[in-house]
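Colleague: Sharing a structure with you now.
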Amino acid sequence: MHKIEVIKRNGSIVTFNKEKIEKVLEKIDKEVKFIDKVTIKQMMDDIVIKINGHTRMSVEAIQDIVFYTLCTNGLFEQAKAFQTYRTQRAEQRLKEANGVFRHMTDIVDVGDRENSNKNSMLPSVQRDLIAGEYFRYILEKNIDKELWAAHRKKTIHWHDSDVDTKLTNCCLFNIEDMLRNGTRITNADVCQPNSVGTAMNIAMQIMASISASQYGGVSLPNFNEVFAEYAKKNFKKNFMRAYNDKLSTETNISRVTEEDIEKKFGEINSGNEKLAAEKHVEFQIAKERTAKDIYDACQLFEYQTNSILGSASQTPFSTITFNIPTSWESEHIILSYLKVRQTGLGEKHIPAIFPKLSYMVVDGYNFKKGDKYFYITEEVSKCIANTYYPDILFYSKDDYDAGKYYARMGCRSRVNHEYQVDGQYQHYGRFNYGVATLNVPQIALDVLKDERYGGAEGNRLERFLDILEKRKDLMKKAIQTRFENVRHLQAKKAPILFQYGGIARLEPDDSIEELLKTDRASVSYGFLGLDDAVRILSDDKENISTEKGHEMGIAIMEAIRKQADEIKVETGLPVSVYGTPAESSIATFFSKDVENYGDIMPEWLREREYYTNSFHFSSELPIDSFDKIDVEAPFIKYCNGGNIMYVENGGKTYNNEAIIELIQYAHDAGIEYFAVNTISDVCYECGYTGEISYNEKTASYKCPHCGNEDGMKMKIQRRCCGYISNYNITHALEGRMKEIKNRAIHVK
C-alpha cells in the first residue's frame with residue numbers, strides 16, 4: 001500500500017492509519033454484532049482497496065467510503081450504527097466548539113484575569129486571549145489523552161496552553177554576538193552600532209522580535225559590560241570633539257585625528273591616566289558628555305521597553321542583568337539605569353515594571369564595605385526600596401573569575417551552570433523549551449483520601465512518597481511531549497533566534513532538535529505547594545519552619561530531584577527542577593482540588609483558597625525575614641532549574657540599610673537569587689503614599705486617606721510571582737489577589 005495523506009478537520013495532514021478505522025468498527029461491533037471477526041477483516045480489506053486509489057483524502061471522504069462499503073455488503077444495521085457514531089462525534093465537536101466560543105464571548109464581555117500583565121479590556125489584548133482559546137482547543141485535540149486528563153484534573157499543569165507550544169519558552173539571547181557580528185530583524189539587516197544609544201535601541205528591537213518568536217521571557221545578560229563597549233566609542237568621539245573644539249579656538253590648527261592623539265597619549269579611553277592628566281579639560285568634557293549619552297540611552301531603552309506592544313498584546317517580558325563592571329562606562333551604565341528606574345515614567349514618575357532588573361553580588365567586588373563597587377550596591381538598595389528591583393544574584397569570587405556566572409531566563413529559570421563549549425562557560429545563547437508543574441498538595445490530599453475511603457494506614461510521608469513515585473511516568477511523558485512538540489522546529493520558523501544569532505546561526509531548513517538534547521537548553525520539571533503538602537500531611541501541626549516539617553519538606557524535595565534526575569537520564573533531555581512561579585495555578589490547582597477533595601480538604605486551606613508557590617514558606621504565616629531566609633535556604637540546591645527567595649518589606653521605602661543587611665545575610669545563608677518586595681503605593685487624588693489595601697468585595701483598591709477607588713488615579717504595584725504588575729490597571733485571578741493581600745510582612 002502506497003503512502004496516503006489524510007487531511008484532518010483542523011487542516012493538518014497525517015499519514016493514513018487503517019487501525020483507526022478498525023477501532024471504530026470494533027466499537028460498532030459492540031452495539032451491532034458483525035457475523036464474525038472475519039467479516040470485519042473483509043470490510044477492512046475492501047475499504048483499503050477503495051482508499052488505495054487516492055494519494056490524499058479528507059477524513060469525511062474516508063468515512064463516506066466506510067459507510068458505502070458497509071451498505072454494499074448488506075450490513076445495513078452496521079452502516080446505520082456507523083452513521084450514528086459519526087453524528088454523535090460531530091455533535092460532540094460542535095458542543096466543544098460552542099464552549100470555546102462562549103469563553104471567547106466572555107473575554108469580550110467581561111475580560112480575563114489569568115495574566116496580570118494583560119489589560120483584557122483592550123481590543124488588541126482580547127484578540128490575543130481569543131487566539132489563546134483556539135490554541136487550547138487545538139492542544140486538547142492533539143496532546144496525549146492521559147496528559148490532558150491530568151492537566152484538566154490539575155494533577156499537573158501544562159504551562160502556556162494558550163500559545164503555540166511548538167515554539168521555545170524563554171532565553172538568554174546572545175546580544176554580544178548580534179551587535180558585534182550583525183543580525184536581521186524582520187526585513188532589516190543590522191550591522192555593528194557606533195554608539196551606546198544606537199546599540200541599546202537595536203537591542204530593544206531585538207528583544208521585541210525575540211519576544212514575538214517565543215512565548216516566555218527575554219533576558220539580556222551582562223547589560224553594563226555589553227553596552228560599555230559602545231559607550232567607549234561615545235567617549236572617544238566626545239573627547240575628539242572637545243579636543244578639536246579647544247584646538248580650533250586656541251590655534252590655527254583646525255583638527256587632529258585619533259591617530260595623532262593615540263601616537264602621543266596612547267588609546268583614547270576613560271581609563272587612560274596620561275590623557276586624563278595632560279588633557280584634563282577635554283577629558284572631563286568627554287566624560288560629562290558620555291555620561292549624558294549613557295543616561296539618555298538608558299532612558300530611551302526604559303521607555304521603549306514599556307511602550308512596545310508585543311505579539312501577545314503586552315509589554316515583552318524582559319530582564320536585564322548587571323554584572324561586575326570593568327570600566328568607568330560600565331559603572332556608569334548601572335548607575336544611570338538605577339537613576340532612570342527611580343525617576344520613573346511620565347509626569348507621575350511611575351516606576352517601570354519592565355525590564356526586570358537583576359544585579360550580581362560577589363564578595364570581594366561589591367558585597368561589603370571596602371569592596372571596590374560596594375557603593376553601587378548601596379545605590380541598588382535604594383532602588384529596591386523604591387521600585388522592588390533589582391533582584392540579587394549571588395556568585396562566589398572564584399566562580400565569577402572563572403566565568404561561571406549567569407543571568408536568569410525570564411523571571412527565575414536557571415541554566416545548567418556546568419555547561420561549557422571549548423572550555424568556556426556559556427553566558428549567552430541558552431534557552432528553555434517548556435514547563436510541566438506537579439501539584440504537590442494534591443498528592444497529600446490523596447494520602448488523606450486513601451485513609452478515609454481506602455482504609456490506608458501507616459506513615460503518611462511514606463505513602464506520599466509512594467504516590468509521588470507513581471507520578472513519575474506522567475511527568476516523564478509531559479517532558480517528552482514538550483520535546484516532541486519543539487523538535488521539528490526549523491530555524492526559519494524563528495529566524496531571529498536560530499538563524500540570526502539570538503541562540504544560534506543555523507541554516508534556514510535546519511532543525512533545532514540537537515540543541516534541545518544538550519545542557520545548552522533546559523526543560524523544566526516544576527512543582528508548587530511544598531509547604532502546603534507538609535501542613536496537610538501533619539494536620540497543620542508542622543510546616544517547613546518546624547524541625548519535623550522541615551525534615552518532611554527535605555524528603556519530598558529529595559524525591560522530586562531524584563525523579564527529575566532519573567527522567568533526565570532515561571530521556572536524554574536536559575531536565576531540571578523548577579520552583580514554579582505559578583501566577584494562576586495557585587488558584588486553579590486549588591479550585592479543582594476543592595471540587596475533587598472538598599470533603600477532606602483542611603479548613604485552613606479551604607478558607608485561604610490558594611496554594612503556595614514553589615518551596616516557599618506559606619506567605620500568610622508570620623515569620624522574621626532572617627528566619628525565612630534560614631528556613632528556605634536548604635531547599636535551594638534541589639531547584640537546579642530555577643528558584644528565587646523573597647522577603648516582604650512592606651511600605652518601608654526608607655529602609656535601604658536594612659535591605660543591605662538582608663542581602664548580606666541571604667548571601668551567607670547560601671541563597672542563589674534574592675528579592676525584597678517593598679510597597680510604595682501612591683494616590684494621585686490626595687497625594688497619599690504608603691500601602692493602599694485591596695478590597696475583595698469590590699475587586700478594587702481604596703485609598704485609606706481620601707477613599708479614592710479610581711485605579712487610573714493611583715499607582716499600585718505588586719510582585720505577582722516573578723515580575724511586577726500594575727494592579728490598579730490589571731488584576732490576577734481571585735486566589736492570587738488574596739495571596740498578595742494576605743502576605744505577612746517579614747522586615748520589622
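Numbers run from 1 along the shown chain.
Here the Cβ of each residue, glycine as well, is placed from N, Cα and C on the backbone.
What TrEMBL says about a protein is an automatic prediction, not a curated fact.
Pulled these from TrEMBL:
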- 4-93: domain 'ATP-cone' (DOMAIN)
- 621-748: domain 'Glycine radical' (DOMAIN)
- Gly722: glycine radical (MOD_RES)
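Situate these features within the shown structure.
Modeller: Residue counts for the domain 'Glycine radical' (621-748) under DSSP (helix as H, G, I; strand as E, B; rest coil) come to 40 helix, 32 strand, 56 coil.
Around Gly722 (glycine radical), the same-chain residues six or more apart in sequence whose CB sits under 8 Å from its CB are Lys356, Gly410, Cys411, Arg412, Pro581, Ile644, listed in sequence order.
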Colleague: Could you give me the DSSP helix, strand and coil counts for the domain 'ATP-cone' (4-93)?
Modeller: 61 helix, 9 strand, 20 coil
